[in-house]
Protein chains: 4
Amino acid sequence: MLTTHPFDDDHLHEECGVFGIYGHSDAASHTALGLHALQHRGQEAAGIVAFDGEHFHSHRGLGHVADNFGSEAIIKTLHGHMAIGHVRYSTTGETMLRNVQPLFADFEFGGLAIGHNGNLTNALTIRKQLVRRGCLFQSTTDTEVIVHLIAISLYSTVEERMIDALRQVEGAYSLVALTQNSVIGVRDPLGIRPLVLGQLPSGAWILASETCALDIVGANFVRDVEPGELIILDHNGLRSIKPFVKTRSRFCIFEYIYFARPDSVMEGTSVYSVRKQIGRELARESAVEADVVIPVPDSGVPAALGYAAEANIPFELGIIRNHYVGRTFIEPTDTIRHLGVKLKHNANRAHIAGKRVILVDDSIVRGTTSTKIVEMVRQAGATEVHMRISSPPTTHSCFYGIDTPEREKLLAFNHDVEQMAKLIGVDSLAFISLDGLYRAVGESERNAKHPKYCDACFTGDYPVMLADQNGGQGQEGLSLMTEGL
Amino acid sequence: MLTTHPFDDDHLHEECGVFGIYGHSDAASHTALGLHALQHRGQEAAGIVAFDGEHFHSHRGLGHVADNFGSEAIIKTLHGHMAIGHVRYSTTGETMLRNVQPLFADFEFGGLAIGHNGNLTNALTIRKQLVRRGCLFQSTTDTEVIVHLIAISLYSTVEERMIDALRQVEGAYSLVALTQNSVIGVRDPLGIRPLVLGQLPSGAWILASETCALDIVGANFVRDVEPGELIILDHNGLRSIKPFVKTRSRFCIFEYIYFARPDSVMEGTSVYSVRKQIGRELARESAVEADVVIPVPDSGVPAALGYAAEANIPFELGIIRNHYVGRTFIEPTDTIRHLGVKLKHNANRAHIAGKRVILVDDSIVRGTTSTKIVEMVRQAGATEVHMRISSPPTTHSCFYGIDTPEREKLLAFNHDVEQMAKLIGVDSLAFISLDGLYRAVGESERNAKHPKYCDACFTGDYPVMLADQNGGQGQEGLSLMTEGL
Amino acid sequence: MLTTHPFDDDHLHEECGVFGIYGHSDAASHTALGLHALQHRGQEAAGIVAFDGEHFHSHRGLGHVADNFGSEAIIKTLHGHMAIGHVRYSTTGETMLRNVQPLFADFEFGGLAIGHNGNLTNALTIRKQLVRRGCLFQSTTDTEVIVHLIAISLYSTVEERMIDALRQVEGAYSLVALTQNSVIGVRDPLGIRPLVLGQLPSGAWILASETCALDIVGANFVRDVEPGELIILDHNGLRSIKPFVKTRSRFCIFEYIYFARPDSVMEGTSVYSVRKQIGRELARESAVEADVVIPVPDSGVPAALGYAAEANIPFELGIIRNHYVGRTFIEPTDTIRHLGVKLKHNANRAHIAGKRVILVDDSIVRGTTSTKIVEMVRQAGATEVHMRISSPPTTHSCFYGIDTPEREKLLAFNHDVEQMAKLIGVDSLAFISLDGLYRAVGESERNAKHPKYCDACFTGDYPVMLADQNGGQGQEGLSLMTEGL
Amino acid sequence: MLTTHPFDDDHLHEECGVFGIYGHSDAASHTALGLHALQHRGQEAAGIVAFDGEHFHSHRGLGHVADNFGSEAIIKTLHGHMAIGHVRYSTTGETMLRNVQPLFADFEFGGLAIGHNGNLTNALTIRKQLVRRGCLFQSTTDTEVIVHLIAISLYSTVEERMIDALRQVEGAYSLVALTQNSVIGVRDPLGIRPLVLGQLPSGAWILASETCALDIVGANFVRDVEPGELIILDHNGLRSIKPFVKTRSRFCIFEYIYFARPDSVMEGTSVYSVRKQIGRELARESAVEADVVIPVPDSGVPAALGYAAEANIPFELGIIRNHYVGRTFIEPTDTIRHLGVKLKHNANRAHIAGKRVILVDDSIVRGTTSTKIVEMVRQAGATEVHMRISSPPTTHSCFYGIDTPEREKLLAFNHDVEQMAKLIGVDSLAFISLDGLYRAVGESERNAKHPKYCDACFTGDYPVMLADQNGGQGQEGLSLMTEGL
């Protein structure tokens with residue numbers, strides 16, 4: 001089971017991806033493929049629940065989609081014409097099977113499975129109330145709060161109960177749910193996390209976190225699910241409900257910078273195009289004389305292409321990535337421990353030696369990897385190293401579904417750009433400006449009063465209240481039990 | 001993982017064994033040993049939960065105790081001075097990890113783990129009510145009903161809540177529970193399943209299903225937990241509560257015949273002695289001329305020794321048992337499929353050929369194994385085969401924690417002794433009489449009005465109402481979800 | 001994979017069992033069953049090679065037969081109408097896959113597989129010569145010497161080459177071989193290890209170490225393969241060759257005492273009968289007043305039955321064996337480490353307390369287990385403990401295929417019976433006399449000049465020269481390579 | 001265990017990579033890293049043998065280097081200051097553990113381990129002779145022929161014996177060997193496969209297939225091992241011997257095109273530079289009007305960069321690669337079976353729709369993948385698709401260590417370029433010319449009389465006799481035995 005993912009290192013991590021399908025005899029198989037295309041959104045666990053008209057069938061496991069759903073034997077157990085699936089990234093210690101989604105429960109009205117991308121900011125507060133009432137939690141995920149709220153709702157239909165539950169939670173969520181009659185998709189009122197609607201030529205409906213999951217199954221992109229929209233897919237076709245108070249949306253701008261796959265289209269815009277455009281803006285904002293533009297692979301490539309084109313400096317694959325890094329090569333001996341970044345990257349010496357290099361990367365979180373890459377590039381003979389970053393400095397933690405270190409560990413939290421340049425060991429360092437970033441996504445600048453996107457990790461401007469944070473609800477007390485796998 | 005157990009074949013199966021310990025720094029290790037001694041009560045899964053003053057630590061797995069708790073690494077994770085454990089037998093299809101006990105839950109008042117031997121006869125009825133109220137069940141075990149009843153109880157202390165819960169359930173139960181302050185043991189008002197109290201020389205208290213689990217850890221037997229008694233072991237020592245209306249007890253007489261280990265002492269009487277005595281009674285009731293008494297190993301040995309001694313006929317190991325049968329030798333090819341009983345047993349030809357044989361076995365359930373053994377003994381040259389059974393005919397299903405086939409599949413349900421003899425292929429067949437059985441356990445006869453034991457499987461005299469059965473609550477609707485392991 | 005075997009503890013270990021079959025379409029399946037019946041002769045590895053007229057098919061693995069050959073998928077790969085198989089016990093450190101038999105090699109004349117029970121006493125001496133000649137050894141087994149001698153033989157047919165090879169080796173061997181035309185069985189000139197011939201009702205021929213392997217597949221016993229006889233089974237039926245100089249045979253007497261299964265018949269005599277008879281002889285030789293005769297299970301049971309019958313003292317199962325001991329319960333914590341024998345045995349207290357006990361066991365090797373069992377029996381309340389052993393004192397190592405500790409570790413090597421009694425903690429200790437043992441197998445006494453059996457472990461009278469021992473050929477230099485599994 | 005490699009699909013496969021190190025206390029750890037960097041040369045198995053002055057220690061396994069050597073526990077067993085390692089690609093059916101290298105043997109003179117990259121063209125012929133002589137083969141690899149030739153050589157030192165052996169074999173080989181005194185590296189007289197020499201700052205010597213394996217351990221590149229050179233690394237330092245008749249070298253030109261990692265330097269030239277240069281030559285030779293140049297990732301990227309620069313057409317990542325493809329996602333259901341290439345690649349629709357596309361790939365073997373990629377690009381809206389290939393048409397099989405399909409399955413064997421274009425579905429198709437390829441590696445053209453490189457796969461000009469092919473020695477008769485894993 002390969003649990004380390006190619007986009008590891010010193011990056012922020014998307015915590016989940018979701019997929020749902022209604023009306024195809026081979027629903028589980030399509031879901032497995034969709035999750036495979038969404039693997040970059042969560043590499044630690046995967047799960048699928050299907051419904052065949054009588055029973056729900058579930059399979060969940062730690063590790064990659066292909067490891068868990070690659071065999072026909074497994075797929076066959078998941079029969080039914082409707083299914084939902086989930087891929088999950090989680091921080092160490094919580095990687096327990098009981099937290100792997102989709103969550104499932106037997107209710108008075110029948111069964112219901114839920115998969116969630118995002119993070120609820122008042123989950124702990126509600127959980128406490130529910131436990132006091134006698135509710136027993138089986139996982140430590142925020143998602144289970146929604147399940148219990150549905151169970152105790154006084155409404156009668158599953159849709160009404162779900163809306164009743166969602167009106168009580170706050171935060172970011174793109175959900176897919178599987179009932180005995182329908183597949184349901186919901187996006188929180190701000191639309192922080194993505195969710196798209198597609199359709200197979202056969203007519204079957206699909207919900208997915210990104211359009212690349214539509215492409216893999218041959219589905220056509222229909223439209224983004226709208227912020228605050230609840231979509232019900234059943235034998236009557238598609239119904240759309242907007243049960244929440246209307247507000248301005250705040251889509252996560254980091255999806256464009258790093259999380260989403262470059263071949264996805266989000267909110268009408270190609271992710272790859274945005275990244276190239278950021279590179280162009282960056283070249284304009286912080287030009288420097290150099291001989292070669294080199295991306296930190298793989299995520300820095302599109303921005304580096306844009307930078308090189310705008311600056312008219314040759315683009316070269318000056319750093320080669322080794323894609324064979326599995327889970328286990330983790331510090332077996334001192335020798336390997338001190339190798340650092342070399343297990344994954346090697347300088348293409350012939351194209352670096354004697355040259356002034358511009359390195360393009362997407363972000364700096366703790367700065368650890370950047371330091372090692374710069375050192376490797378210098379050892380390969382670069383005469384100058386200039387680093388250009390395709391995001392503004394990351395100064396704040398995310399509470400909406402992205403795994404960020406505590407704020408104190410963010411390099412940009414307590415260092416200015418000059419200090420960072422010194423620490424990383426570069427001759428110059430520049431980040432794209434906030435306005436530059438907004439220009440790259442098609443705005444003229446960031447509207448400070450009504451920013452179009454959620455950019456809290458750069459600005460601290462959190463669009464949803466952080467009830468659990470303010471109430472001092474630590475994760476520690478979440479369960480008294482630790483369980484061996 | 002060896003999941004087939006030596007006492008397989010055509011036998012009834014005990015569904016569980018429990019163990020608890022309070023006040024020893026190496027609590028988990030002792031629990032593992034105790035469960036190992038109780039392995040015959042449940043071979044399909046094992047679990048231990050320990051509490052260290054701050055956190056509960058749990059490890060549960062399918063398979064044998066030694067497979068799951070044999071390594072120091074695992075035992076070390078289960079630190080704490082108090083622990084409970086559970087071994088489980090379950091019918092196929094329900095062998096899911098989420099059903100493995102002890103069950104654990106976080107309550108408003110803290111954490112609680114429960115291990116259960118027995119079966120509740122109104123669990124489905126209560127479950128329905130709880131689901132209607134909004135309770136979400138994570139397992140399909142009857143035990144979880146108790147957990148939810150505790151969670152929603154309006155009493156404040158854990159002991160009061162537990163008593164409140166137990167007053168609502170009906171059936172057979174010997175429970176061990178682990179709270180943040182205590183280890184608790186309870187036996188249902190009729191005392192159908194066993195539970196004993198022991199003490200280590202160091203003073204630590206122990207609860208276990210059988211005395212053999214005290215022996216393995218070097219604990220002294222103190223006394224049986226009484227029917228309807230709740231024992232609390234904490235830093236104040238031992239407290240005993242009798243929260244139920246007092247009734248006549250009805251201990252399961254089959255524990256003496258087959259379930260319990262021969263080296264255990266139950267209700268003051270040695271199990272091995274009872275079995276030998278049944279053999280003696282059987283010899284008196286149904287004497288027959290023969291050359292040799294041969295047990296069907298291993299369970300038939302004590303009764304055969306008693307029979308041989310009383311009848312003054314030589315005892316011989318005329319059937320040799322192969323103890324190397326693991327889980328996997330199950331019908332790989334036609335050749336093996338037709339072998340039947342030979343994978344486990346072989347006739348000791350030299351001691352059978354030309355002889356009149358009395359075969360002694362403990363029970364006949366479906367009759368399949370008996371038929372094959374008789375055939376094997378005849379092929380080995382026996383001139384006559386007489387079968388003697390150390391239990392009365394099994395005519396009814398058990399609903400108190402023993403896995404019995406549906407009543408229609410019990411050979412004795414629709415055949416009299418003569419018919420059975422013919423089907424099995426013996427020259428004569430005799431079962432111990434009900435009164436003979438009661439004599440073997442020290443009574444003068446069965447008191448039809450107030451039978452001392454639960455003997456429902458032989459008589460249909462069920463001492464506890466079968467609410468779920470009567471209400472037609474099938475197991476089928478228990479959960480809408482099936483989960484791959 | 002369960003690699004510890006029920007007959008563990010302080011016993012000598014048979015090192016191998018073999019099986020061969022010619023002329024059945026389901027040859028591999030029968031071989032798997034035969035090996036299963038021979039599992040007690042080797043628990044650490046198992047292998048089968050089949051031939052289908054064109055190709056040899058092999059599967060070998062560490063662990064039990066059922067673990068390796070229990071699935072239809074594996075058996076199906078081993079197609080062919082002829083097959084041989086092997087189970088292996090080996091000392092720690094040598095348990096490498098490359099040593100698992102049957103060995104196979106491609107020769108000029110075709111393929112050949114060999115399985116070997118026994119031990120060659122000049123293997124190292126020959127190996128050195130072969131390596132000097134340029135032969136490359138792939139295993140560290142003595143058996144491979146035979147394979148290379150066949151490869152370099154100047155004779156043309158495989159039978160001639162095999163005879164040429166066997167004339168050069170010394171020691172104990174019962175071999176089965178699989179050629180492209182035949183299954184071959186050979187027994188060394190002294191017939192130290194057993195080998196029997198059987199036939200299925202269908203006509204297919206079978207070779208096996210013991211008759212219990214014939215029973216399991218439903219084959220009839222034809223006769224023992226004679227010492228020094230080579231049997232060829234092919235499409236012409238059975239041919240017998242006696243290529244060696246005729247000598248008096250010396251069958252291993254320990255096979256009767258402990259190694260063989262009690263339901264096997266060896267050299268015309270029932271193993272179980274011999275064991276009972278030893279018990280009777282022992283009762284005559286060393287009577288003592290007592291209340292109960294208790295076997296150390298399982299191996300001590302037949303002798304205890306004989307002893308009890310002869311001495312007219314009640315026989316009781318005073319020690320109960322737990323058959324659930326797998327490989328892993330090995331010293332996880334101090335608690336378990338100090339438990340010793342209790343993981344496997346428990347005193348049946350009710351039948352020991354206050355009694356004078358005669359314990360019957362088959363042998364004392366190091367004395368470690370005996371000491372713990374006596375201690376357990378005393379703790380259970382025995383007033384006296386007398387131990388009776390159904391073999392003479394084991395004073396010498398075996399070099400003919402039995403795993404014995406170095407001579408210095410044998411308790412009887414440097415202690416007389418009185419000293420041993422004191423060390424073990426018994427009130428009296430007695431071993432069967434050599435003559436008593438010979439009487440039990442039907443002789444009037446041991447003929448000192450021409451003993452009928454190999455009894456070197458009791459007498460030091462080694463019937464085959466120990467070339468490797470005398471030449472000081474240590475096992476250490478066998479290979480320069482150690483390989484991780 | 002991830003056994004499918006990123007560079008799968010319709011490509012030729014390098015069959016092996018080797019690594020050796022002398023004089024470092026952490027030799028095995030360095031070897032594991034070196035093999036990790038060479039993983040692209042063989043993904044199916046990996047092995048390391050180390051020598052500690054007294055014993056050889058070996059670990060070999062199927063799967064990736066990180067899966068087999070990622071744990072400290074394994075590395076610790078491989079102690080010693082000298083070690084060699086091997087990664088292996090092999091065709092299905094031969095993936096048996098006994099074929100995993102390094103091979104090891106105990107000789108009269110001591111132990112010897114060998115790892116081999118390449119293929120011997122007279123191995124079967126010699127093998128037959130050796131078997132006739134009585135040699136027993138344990139593997140089906142050609143490499144074992146060398147081992148036996150060493151064993152039977154009449155020379156006395158290991159170096160002399162090795163030279164004696166190598167003078168008898170023909171074909172391509174870059175070998176590393178480990179003796180009790182030295183690490184030895186050899187390259188065949190034509191130098192068909194690569195082998196480089198490096199040195200750690202500490203002085204320890206290193207041999208490796210490519211320079212990227214020097215980079216990962218921080219070693220300096222010293223020089224290429226010369227064709228026909230044998231290098232001995234021991235406590236005296238480095239000795240070079242040239243034991244073969246001097247001939248013109250013929251390095252494999254396909255190493256530049258596809259096999260080697262782009263960051264390696266071979267025969268003095270950067271692999272990445274050659275690939276870019278091929279792209280430039282290709283743009284000159286076969287220009288076409290288009291809007292965008294798109295590489296087939298990952299291998300087509302450097303050539304596409306060169307093409308785009310020379311043609312002055314924008315370069316875009318128009319196809320996105322999913323790096324999460326493990327071993328198991330192979331045709332579980334019809335749905336997935338018909339997906340084809342989409343599991344790994346997705347068209348970046350926004351950058352393809354409405355455009356004239358030039359696709360750049362490195363080679364066409366069977367043509368299956370190309371067809372699917374073209375179809376995907378057309379479905380994404382490309383108005384024209386022109387394919388440019390950075391190698392000449394592959395018309396002949398390789399017998400020097402590269403896995404090629406039978407000649408009949410090569411698309412270029414029986415189709416001209418026009419036919420191929422039609423089959424693949426492109427508007428135009430062009431391959432680099434042979435002379436263009438030679439220009440890209442720095443020659444003015446291909447010297448038809450004395451070509452500088454081995455280009456047999458394009459020309460059929462095989463520089464080493466194909467003895468086994470001409471003698472009709474099929475692989476089928478290699479061993480009579482098939483072994484389950």
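Going from the start of the chain as shown, residues are counted 1 onward.
Keep in mind that glycine also has a Cβ here, set from the backbone N, Cα and C atoms.
Checking the candidates C:SER299, C:SER397 against TrEMBL: the one annotated together with C:ASP361, C:ASP362 at the Mg(2+) site is C:SER299.
TrEMBL names C:CYS252, C:CYS454, C:CYS457 for binding [4Fe-4S] cluster. Of C:CYS135, C:CYS398, the residue it gives for the same site is C:CYS398.
Cβ-based crowding with a 10 Å cutoff singles out C:CYS457 as the top-ranked of the recorded positions C:CYS16, C:CYS252, C:CYS398, C:CYS454, C:CYS457. Between C:ASP362 (Mg(2+) binding site) and C:CYS457 ([4Fe-4S] cluster binding site), the C-alpha separation comes to 14 Å. Checked against C:CYS398 ([4Fe-4S] cluster binding site) by C-alpha proximity, the recorded positions C:CYS16, C:SER299, C:ASP361 yield C:CYS16 as the nearest. Excluding C:SER299, C:ASP361, C:ASP362, which define the Mg(2+) site, the same chain contributes C:HIS11, C:TYR258, C:PRO295, C:VAL296, C:GLY300, C:ALA303, C:VAL360, C:SER363, C:ILE389, C:SER390 within 8 Å (Cβ to the Cβ centroid), listed in sequence order. Note on proximity: among C:CYS16, C:SER299, C:ASP361, the recorded positions of the record, the Cα nearest C:CYS454 ([4Fe-4S] cluster binding site) is that of C:CYS16. C:CYS457 ([4Fe-4S] cluster binding site) falls within a helix when secondary structure is assigned with DSSP.
The two recorded residues, C:ASP361 (Mg(2+) binding site) and C:CYS457 ([4Fe-4S] cluster binding site), have Cα atoms 17 Å apart.
C:CYS457 ([4Fe-4S] cluster binding site) sits 18 Å from C:CYS16 (active site, nucleophile), taking the CA atoms of both as reference points. For C:ASP361 (Mg(2+) binding site), other Cβ atoms within 10 Å of its Cβ number 23. The Cβ centroid of C:CYS252, C:CYS398, C:CYS454, C:CYS457 marks the [4Fe-4S] cluster site; residues of that chain outside this set whose Cβ lies within 8 Å of it are C:ILE192, C:ILE253, C:PHE254, C:TYR400, C:ILE402, C:ASP455, C:ALA456, given in sequence order. Rounded to a whole number, the distance between the Cα atoms of C:CYS252 ([4Fe-4S] cluster binding site) and C:SER299 (Mg(2+) binding site) is 18 Å.
Separating the Cα atoms of C:CYS252 ([4Fe-4S] cluster binding site) and C:CYS16 (active site, nucleophile) is a whole-number distance of 14 Å. Its own atom aside, the Cβ of C:ASP362 (Mg(2+) binding site) has 24 Cβ atoms within 10 angstroms in the protein chains shown. Annotation note: C:CYS252 ([4Fe-4S] cluster binding site) sits in a strand segment as assigned by DSSP.
Of all Cβ atoms in the protein chains displayed, 24 besides its own lie within 10 Å of the Cβ of C:SER299 (Mg(2+) binding site).
The average pLDDT the prediction assigns to the domain 'Glutamine amidotransferase type-2' (C:16-236) is 93.
According to DSSP, C:CYS16 (active site, nucleophile) sits within a strand segment.
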